[in-house]
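Record features (TrEMBL):
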- A:1-26: region 'Hydrophobic' (REGION)
- A:32-90: domain '4Fe-4S' (DOMAIN)
- A:Cys49, A:Cys52, A:Cys57, A:Cys73: [4Fe-4S] cluster 1 binding site (BINDING)
- A:106-135: domain '4Fe-4S ferredoxin-type' (DOMAIN)
- A:Cys115, A:Cys118, A:Cys121, A:Cys155: [4Fe-4S] cluster 2 binding site (BINDING)
- A:Cys125, A:Cys145, A:Cys148, A:Cys151: [4Fe-4S] cluster 3 binding site (BINDING)
- A:136-165: domain '4Fe-4S ferredoxin-type' (DOMAIN)
Amino acid sequence: MLTVLVAVGILLVLSLIFGAILGYANVRFHVEGDPIVDQIDAILPQTQCGQCGHPGCRPYAEAISNGEAINHCPPGGQATIQALADLLDVEAIPLDGDHGTETAKRVAVIREDECIGCTKCIQACPVDAILGAAKQMHTVIADECTGCDLCVEPCPVDCIDMVEVGVTSRTWSWEKPQGIAAQPGSIIATDRQAEVVH
Amino acid sequence: MQTASVFSFHGGIHPPENKTQSLRLPLGRPSLPTELVLPLGQHIGQSSRPLVNIGDKVLKGQTIAINNGFLSSFLHAPTSGTIKAIEERPIAHPSGLSDVCIVIAPDGEEKWSTLTPLQDWNTLSKTDVLAYLAEMGIVGMGGAGFPTQVKLQGAHKHPLTHFIINAAECEPYITADDMLIREKTIELVLGIEALQHLVEAEQVIIGIEDNKPTAIAALNKVLSDRLSNIKVAVVPTKYPSGGEKQLIQLLTGKEVPSGQYPADIGILCQNVGTCVAVHDAIHLGQPLISRFTTLTGDALKAPQNVEVLLGTPIQHLLNYAENDSKKLKRLVMGGPMMGFTLDSANVPIVKTSNCVLAASKKELPQPAPEQACIRCGMCEQACPASLLPQQLLWFSKSQELEKAEHYNLFDCIECGACSYVCPSSIPLVQYYRHTKSSIREAREAAVKSDLAKQRFEARKARQDAEAAEKEAKRLARQKASASKSSETKKVAPKAAPAAAATTATPAGDDSKKLKIDLAIAKTKLKKLQKQLLEAQENEHTEEINTLQLQTSAQEKAVALLEEQLANAVASAPAPVPKAPASDELKKAKVDVALSGTKLKKAQKQLAESPDDAELQAKVAGFEKELADAQARLSKLSADAPASSTAATSAAPKAAVSDELKKAKVDVALLGVKLKKTQKQLAESPDDAELQAKVAGFEKELNDAQARLATLTDQAPAAQPAAANAGDELKKLKIDTAIAKAAVKKVEKALKKAEDLNSPELDTIRQQLKDAQQRADDLEKALANPNTTAPSATPTASSAPAPSQQANADKQRKIDLAIAKAAVKKAEKGILVLQEQGQDQAQIEASGLPDKLSAARAKLADLEAKGESPAATPNNAETTTAAPDEAALKAEQIKKQKIAAALAKAQINKLTKRLADSPQDADSIQLEITAAKQKQQDAEAQLTQLQLAQVTPSQDNTQENR
Ligand code: SF4
Ligand code: SF4
Ligand code: SF4
Ligand code: SF4
């Protein structure tokens with residue numbers, strides 16, 4: 001009987017000690033997790049175009065964390081939806097067409113001789129990628145342009161074009177091979193010999 | 001000469017060598033082609049910048065493009081001739097894409113530019129020699145074309161233990177380095193010695209595969225003749241022993257850690273071709289303009305090595321090696337393992353082209369179909385980089401980029417050994433290349449989106465700061481005006497006792513009471529204004545209306561009180577000879593200050609809501625008050641010195657200069673107001689009210705200027721006028737430019753429409769005519785002030801007239817430019833629709849949107865409002881025959897144009913919607929047709945008006961001058 005009590009007592013004391021240590025460690029070594037909004041924001045393309053219906057990507061990230069659908073960002077397209085789905089552990093759904101369609105990457109180009117220098121495009125640009133001053137010619141810093149389209153509408157003389165960023169030999173990338181499914185009927189490797197015989 | 005010990009590396013394969021074919025014939029030297037095509041990006045890094053222009057004559061070896069940043073290279077003319085073009089040409093690239101190339105038409109003379117060999121290379125500083133090598137355009141000729149000077153500089157980071165010359169040439173078929181060593185042994189050794197001088201490595205080793213006995217023998221002979229301490233390491237033939245990291249492992253036993261460069265472990269590797277190029281540059285002064293290339297493959301009857309000028313089209317070389325085009329099935333740049341297929345033989349040889357393989361079908365058969373990975377592990381056995389290819393394949397297929405990176409995908413040298421051994425014929429390398437591209441793209445996108453985020457946040461922070469500052473200023477101003485009004489209150493009682501003390505008449509009491517009333521009324525007014533402002537900020541429309549009513553009532557009350565007070569004050573102090581006069585003066589000044597403040601406040605409100613008619617009326621009222629007060633003040637200040645007994649002779653002068661100053665301030669103020677309103681107008685150019693306001697301001701400004709002119713002498717007055725005229729001239733010029741741009745635009749559209757044979761042709765032609773007409777008008781106008789401006793300067797009063805005209809003109813032109821842009825937009829939309837195959841009749845069904853009618857109603861409204869004020873300035877200013885009719889017509893034309901533009905904008909928007917949401921097509925098309933109908937109506941009327949107007953309007957211009 002006594003041994004039982006002693007054993008219980010020892011275990012009790014031990015559990016208290018370990019509990020205290022664990023409790024202390026939890027406070028002392030607490031790791032500040034990346035808040036979910038930041039993680040979502042990091043996935044969004046930061047085009048800041050507002051097509052999702054929010055004034056920028058971060059507000060949409062906040063909205064997503066509050067339960068908005070993840071398929072409202074056309075610039076990000078399916079890749080972003082997939083990444084969000086992975087992050088939030090929800091099902092990847094197709095892009096919501098109401099917010100626009102996924103397009104190839106574009107940048108704005110101002111036809112400079114037609115610009116009247118009204119500065120409206122500067123006010124519209126969410127990332128300050130347009131350079132100019134009142135009554136002076138304006139131009140777009142192509143490297144900074146996110147292709148959000150927001151400067152096109154305000155221009156009173158319609159001198160801003162959205163130009164697709166073409167693939168050059170330096171930005172070109174290798175295609176993915178077609179994979180196995182591409183050749184139906186050749187599941188058995190030796191089938192290819194038959195082909196040669198004909 | 002000594003032999004070095006040889007280690008080994010993991011994996012590797014033994015594909016058929018196929019090297020003998022191209023070694024049967026001696027080194028060939030093809031003839032000059034008809035043109036040489038030199039891509040600007042023959043190396044890793046930034047493309048070079050061309051130094052020559054089309055049509056320039058260049059000599060052999062002349063620099064034709066210079067480096068464009070740190071990681072870039074020079075480019076030289078491989079022969080003498082003329083620059084034929086600088087344009088996009090297809091280049092040797094796996095993508096088959098084009099890049100900018102300099103095209104040279106050789107003149108056949110092969111005339112060298114002056115060559116200046118680097119005589120004293122062993123005494124010069126190393127930096128100078130490196131710079132010289134850069135200018136000679138030397139890049140790594142074995143693989144990627146890494147600029148040599150950059151690689152050498154990198155090698156200075158750590159003391160070098162080994163300097164390795166890569167002569168392994170492990171890839172099947174290729175024998176270019178073999179041939180180079182045989183042909184240029186001594187040059188190679190001299191080049192190595194020069195490089196060794198630069199890098200000062202402990203050991204220099206030439207690594208060469210044992211399948212090149214002739215080359216090894218030649219090397220050994222030269223090295224022993226020179227008693228050189230360069231070692232030759234003969235390595236067993238195994239693919240890919242020529243890989244940089246593999247050769248290093250073979251010769252030193254050291255492994256280059258993942259993600260690091262050989263330089264990080266004190267090793268430098270150079271290709272034999274590069275060493276020979278270094279020799280040519282230093283000892284002969286020749287830049288890199290040619291290279292050894294292997295022409296081989298079953299499709300060539302005379303496979304061989306050639307020394308070929310850079311830029312030579314491959315087709316030329318195929319012809320030289322007697323290509324059998326029937327046999328040629330696949331043209332490969334590089335070897336069969338690491339090369340890539342070319343789509344066309346029309347691409348040039350570049351600095352890194354070591355082989356052209358013209359393969360028959362039997363030689364390089366279609367790759368067998370891909371099968372599933374059976375996890376046999378053969379790829380892992382073959383991989384020279386000790387990777388796990390099947391694992392990488394898995395991650396590549398599922399696009400798990402992070403995991404692929406974690407499995408050291410970037411250590412893969414794309415040697416193809418794994419694909420070669422894979423029994424399932426999986427194109428593993430292609431998967432890896434794709435995944436690598438994806439990872440790089442993702443990295444770049446991450447960098448870009450980070451930057452965008454930063455800029456977005458910075459902009460938001462700036463905007464917030466600006467808004468906060470504005471708010472703070474507004475508060476400060478409110479406080480200031482509050483304290484001012486309390487000051488006024490203080491002043492008022494002070495003045496009252498003074499008056500009371502001297503006269504003690506009921507008049508003093510009256511004025512006191514009045515003042516108190518006034519103060520209360522003003523406080524109320526201020527409160528109301530504040531509420532109004534808040535309401536406007538929060539956009540509470542109903543509140544705004546009631547508040548505005550209240551405010552104007554209160555204003556009236558205040559004005560009444562002020563008038564009474566002024567009367568009382570004017571009558572009260574009459575008996576008092578001296579003090580009252582100055583008192584009154586003080587009061588008048590306070591009045592001026594007060595109404596000035598009020599005016600300013602109202603203007604601010606107006607600026608915030610420029611369309612508010614009542615506010616505008618208020619501003620006008622305040623302005624009038626201010627003018628009255630000023631007039632009173634000036635009268636008083638003029639009277640004061642005269643009536644004062646103590647008046648000195650200096651007093652009147654002071655008064656006059658005071659008035660002058662005031663007048664000037666008036667002018668300046670009005671100018672600012674005018675500018676502000678014009679700016680608003682520029683932002684919403686269709687706003688008739690704003691235009692009217694601008695006209696009003698201009699009139700006021702003119703008045704003020706006239707006042708100022710009468711006050712000042714003739715000479716000072718002429719100055720601003722002249723300045724004005726100059727301004728006008730500038731404006732006119734800008735307008736003309738805009739009109740011309742419009743003409744150009746329409747012409748472009750016309751051409752496009754003609755190309756497409758569009759039914760819009762007629763309308764566009766009509767627009768073109770309009771635009772040209774406008775441009776002509778403007779040019780005429782421009783020509784006129786050019787001649788009249790100088791003559792207009794002497795008299796101040798004549799200047800404002802053309803200014804008025806020009807301004808009205810300008811507004812019209814801006815309106816038109818914008819309207820035209822809208823037209824263009826609409827046409828673009830229609831064109832797009834047509835291209836999409838929408839048929840015209842479909843687009844032109846029938847019906848009408850509420851929106852358009854609402855917009856039209858608003859437009860008509862605006863027009864009605866705009867009509868009278870816009871017309872008045874012309875009437876007021878014209879001293880000769882009044883061009884009322886012409887002005888009216890011009891107004892009408894403008895209106896019609898605006899109507900047309902609006903209708904077109906509507907069409908544009910609708911077509912866009914149509915394109916976006918085809919499911920609503922029917923209703924949208926109905927709307928479009930209605931809008932089109934409106935537009936046509938407006939345009940028809942417009943043409944009529946314009947035809948009628950052309951002559952009178954010109955007369956008008958003449959008359960006004
Ligand atoms: S739609 Fe535009 S603003 Fe919204 S998250 Fe996507 S990129 Fe950002
Ligand atoms: S909006 Fe158009 S006209 Fe105005 S500054 Fe920008 S590009 Fe120039
Ligand atoms: S291609 Fe890459 S993975 Fe395949 S064997 Fe070569 S280094 Fe290894
Ligand atoms: S060699 Fe081919 S089949 Fe074998 S494990 Fe590698 S990828 Fe799979």
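Any Cβ shown, glycine's included, is placed from N, Cα and C.
TrEMBL entries are annotated by machine, without manual review.
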### Query
Is there any among the binding-site residues A:Cys49, A:Cys52, A:Cys73, A:Cys121, A:Cys145, A:Cys151 whose Cβ is under 8 Å from chain B, and which ones, in sequence order?
none
## Note on the structure
Of A:Cys52, A:Cys57, A:Cys73, A:Cys115, A:Cys118, A:Cys121, the binding-site residues lying within 10 angstroms (C-alpha) of A:Cys151 ([4Fe-4S] cluster 3 binding site) are A:Cys121
### Message
So if I measure Cβ to Cβ from A:Cys52 ([4Fe-4S] cluster 1 binding site) and keep only same-chain residues at least 6 apart in sequence, which ones fall under 8 Å?
### Response
A:Tyr60, A:Ala63, A:His72, A:Cys73, A:Pro74, A:His99
### Message
Considering Cα atoms only, can you say which of A:Cys115, A:Cys118, A:Cys125, A:Cys148 is the nearest neighbour of A:Cys49 ([4Fe-4S] cluster 1 binding site) among these binding-site residues?
### Response
A:Cys148
### Task
Going by Cα-Cα distance, pick out whichever of the binding-site residues A:Cys115, A:Cys125, A:Cys145, A:Cys148, A:Cys155 is nearest to A:Cys57 ([4Fe-4S] cluster 1 binding site).
A:Cys148
### Summary
For the region 'Hydrophobic' (A:1-26), the distant same-chain contacts (Cβ-Cβ under 8 Å, at least six residues beyond its ends) come to none
### Query
Roughly how many angstrom lie between the C-alpha atoms of A:Cys145 ([4Fe-4S] cluster 3 binding site) and A:Cys155 ([4Fe-4S] cluster 2 binding site)?
16
### Message
Counting by DSSP secondary structure, give me helix, strand and coil numbers for the domain '4Fe-4S' (A:32-90).
### Response
29 helix, 0 strand, 30 coil
## Note on the structure
Cα of A:Cys118 ([4Fe-4S] cluster 2 binding site) to Cα of A:Cys125 ([4Fe-4S] cluster 3 binding site), in Å and rounded, measures 14
### Task
Within 10 Å of each Cβ, count the other Cβ atoms and name the one among the binding-site residues A:Cys73, A:Cys115, A:Cys151 with the highest count.
A:Cys73
### Query
Highest CB neighbour count within 10 A among the binding-site residues A:Cys49, A:Cys57, A:Cys118, A:Cys121, A:Cys148?
A:Cys57
## Note on the structure
Long-range Cβ list for A:Cys125 ([4Fe-4S] cluster 3 binding site), cut-off under 8 Å, min separation 6+ in sequence, same chain only, gives A:Leu150, A:Cys151
